[in-house]
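Colleague: Submitted below is the structure of interest, expressed as structure tokens.
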Amino acid sequence: MEIYRAHILVCRGTGCTASGSEPVMEAFEKEIEKHGLSKEVKVLLTGCLGLCELGPNIIIYPEGTYYCRVKPEDVPEIVEEHLVKGRIVERLLYKERAVEERMRALTDINFYKRQKRVALRNCGLINPEIIEEYIANDGYRALAKVLTEMTPQQVIDEVTRSGLRGRGGGGFPTGRKWQFAKDAPGDIKYVVCNGDEGDPGAFMDRSILEGDPHTVLEAMAIAGYAIGAKEGYIYVRAEYPLAVKRLEIAIEQARERGLLGKNILGTGFEFDIFLRLGSGAFVCGEETALLASIEGRRGEPRPRPPFPAIEGLWGKPTLINNVETYANIPPIILNGADWFASIGTERSKGTKVFAIGGKINNTGLVEIPMGTTLREVIYEIGGGIPNGKQFKAVQTGGPSGGCIPASLLDMPIEYDTLTQAGSMMGSGGMIVMDEDTCMVDIAKFFLTFTQDESCGKCPPCRIGTKRMLEILERVTNGEGREGDIELLESLAKNIKASALCGLGQTAPNPVLSTLRYFRDEYEAHIREKKCPAGACKALITYEIIADKCKGCGLCVKVCPSAAITGERRQPHAIDREKCLKCNSCFERCPFGAIAKK
Amino acid sequence: MQPAIKRDAEFEEKLKKVDEMLKKYEGQKGVLLQVLQEAQRIVGYLPIEVQKKVAEALDVTLSEVYSTVTFYSFFNLKPRGKYQIRVCLGTACYVKGADKVLGRIEQELKIKVGDTTEDLKFSLDACRCVGACGLAPVVIINDDVYGRLTPDRVPEILKNYE
Ligand SMILES: Cc1cc2nc3c(=O)[nH]c(=O)nc-3n(C[C@H](O)[C@H](O)[C@H](O)COP(=O)(O)O)c2cc1C
Ligand code: SF4
Ligand code: SF4
Ligand code: SF4
Ligand code: FES
Ligand code: FES
């Protein structure tokens, strides 16, 4: 093997690729070549580091120097200064907001320091397209251990003792599920990985599949050994082409190496994995719908029981787990159940990955021990709310979850605490909202989503969510009536009690939780016909405050409908008839002269 | 207004490719979804002719094929524009004003979400989180991803595709 004195890791996750990390990588290759360093310095691609907002991100080892927002034009300077002269390029280092200090290593920054990476242990560290790198980081050692030293029952006992619960939303104890699948009668069984990742604001499964695909393959093979299955299927959403590509490469390499297929590691154990792509239906994340979709049918849920562990894919016992759940398995096998159970809290063991986004300074993926408080995540890791705005709420659990207000920020993050607060763990989306976000509008947003994605099989969900949405629409349009809140509450109760699958049963949660904590905002819309956050178009008008307007004309340039007029250096005015309420002028005016009323 | 389906040599060529693809799957069970995905990759959308071919090859009814096609939002019954614009309306993007970006695109192209311009140049869709939430709000045009967008950047971006 070649020895290099330095490695440049270029993040090629989805976020960084979108902000242009491919040309950066090419620039590095060219520049290294030009300096005759090809034998000393190696350029590698890697998966998501978590700080996608600051992409394109790169890390240079052995020092672990982290450079962000790197452009191809910066590359000659980095090579010349850092790699030739050994001097750090200060201006490209990450700047810690709180202390205005430039940090050198990724592991030094607050966003990273407080994390504990178990499921994401290899993301951003190894090249996901090269199996040797996974193997060099303990990859497939857990599978070898299981096949040579443990009985299937011992594997299941270890997983059970670890206390691992499903990371796909429901939080069902993983070991128990494995036991059901093992005990189910039948010769043919299947292992399925749920990579549908439906929560519109979560992307941890995607990052794992893209950044460390082998960990999922290894865990599925372990599960296959434990329950007695020879075949596995990974169901990935169609929106994730890069994850599909990385999985295809990984499966191919694992087969070549004899880590998938017949007679794995010479033990006689047989297991292979196949990919299936989703086609854009959120409900297919629900396990029975997902199985129908793998079978090539419409992805409609069916009543449970029978649970998939008893009657699943093609009627056979089937174990179905989420991507992140699987990613925890190899470390549990290698480090032991006690190690895993020592992380987290009494009823929620281990870590959880969250995708923090919305109105927060550091957006990205974080993996934290269960029991960390929301405040720590939002203020210490996330760096707080930008532009000096007030925190209003944090949404967890996606369309099935709810909004948690400031008064509960010190709550530890656990399955049960989140449920008690009217939200849920869900798959790990965490969207922060500030004073400009209207809670009625957010409830409407989620209900539009679930209404759109309802498969239509059962009336409470199909018709009930539609009724609720109609009410929210009239409330945000300024046509709300007395009694609408009570109507929403009673519809919600009925839908929760009578819908067939989880989608319908949880669809009212965003409305219920916002009603619970932000009832006054609903009342303002209904009684005063006002949107306190200034977000609902029908209830606001744009005006220019003459005293503040300097007549610079910038707003005129961005207005798409020529609604703003005025002489240069004179106060301007908005023609309400023409105004489309697009908010462009509001964002553009450097003097805060535009008001929303 | 929907543009009429063009039945030119190119279309015939694609139908032939669909026939070849179908041979691989003939007689197999549980492959409908995969076959439809491949067919759409070849033709760009799933007109009724293609659905009929699929039904025949897999020995299922046309209504089963049709009900599957309409169930999944990924499948298109109508031809799409040369440039497919997808505006992410995932939560992270929505909270950061994706609806305003979408509104501006609708206004510039004079079409609504789900539609295609008459010259078949642009089609406009909303989509769910594409996993680039750090860059919210995000718009994807074919394979190009635009992040941290504001409505007033829309005209300049669309110009790249004139
Ligand atoms: C409407 C709906 C959508 C779901 N979407 C997902 C999803 O995108 N990913 C996922 O892993 N689980 C999803 N689930 C949960 C699955 O049904 C199932 O519980 C999970 O995949 C089991 O894996 P786990 O025990 O490892 O969490 C969804 C459930 C419902 C009701
Ligand atoms: S609750 Fe909704 S998504 Fe679930 S089966 Fe009923 S209609 Fe379909
Ligand atoms: S909100 Fe939009 S349309 Fe109205 S005046 Fe401002 S820029 Fe013009
Ligand atoms: S941008 Fe602000 S200050 Fe300038 S003309 Fe418009 S309202 Fe007046
Ligand atoms: S994609 Fe590069 S940090 Fe997430
Ligand atoms: S919500 Fe738009 S990319 Fe995730």
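Including glycine, each Cβ sits where the backbone N, Cα and C put it.
A quick note: this is a predicted structure, and the numbers were derived from the prediction, not measured.
Pasting the relevant annotations from TrEMBL:
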| type | residues | note |
| --- | --- | --- |
| BINDING | B:CYS88, B:CYS93, B:CYS129, B:CYS133 | [2Fe-2S] cluster binding site |
Colleague: Please report the number of other Cβ atoms within 10 Å of the Cβ of B:CYS88 ([2Fe-2S] cluster binding site).
Modeller: 31
Colleague: Please classify the secondary structure at B:CYS88 ([2Fe-2S] cluster binding site) using three-state DSSP.
Modeller: strand
Colleague: Have a look around B:CYS129 ([2Fe-2S] cluster binding site) and count the other CB atoms within 10 A of its CB, chains all included.
Modeller: 29
Colleague: Inside 10 Å of the Cβ of B:CYS133 ([2Fe-2S] cluster binding site), count up the other Cβ atoms and send me the figure.
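Modeller: Here the count is 34.
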Colleague: Does anything in the same chain, at least 6 positions from B:CYS93 ([2Fe-2S] cluster binding site), have a Cβ under 8 Å from its Cβ, and if so what?
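Modeller: Sequence-distant Cβ neighbours: B:VAL87, B:CYS129, B:CYS133, B:ALA136, B:PRO137, B:VAL138.
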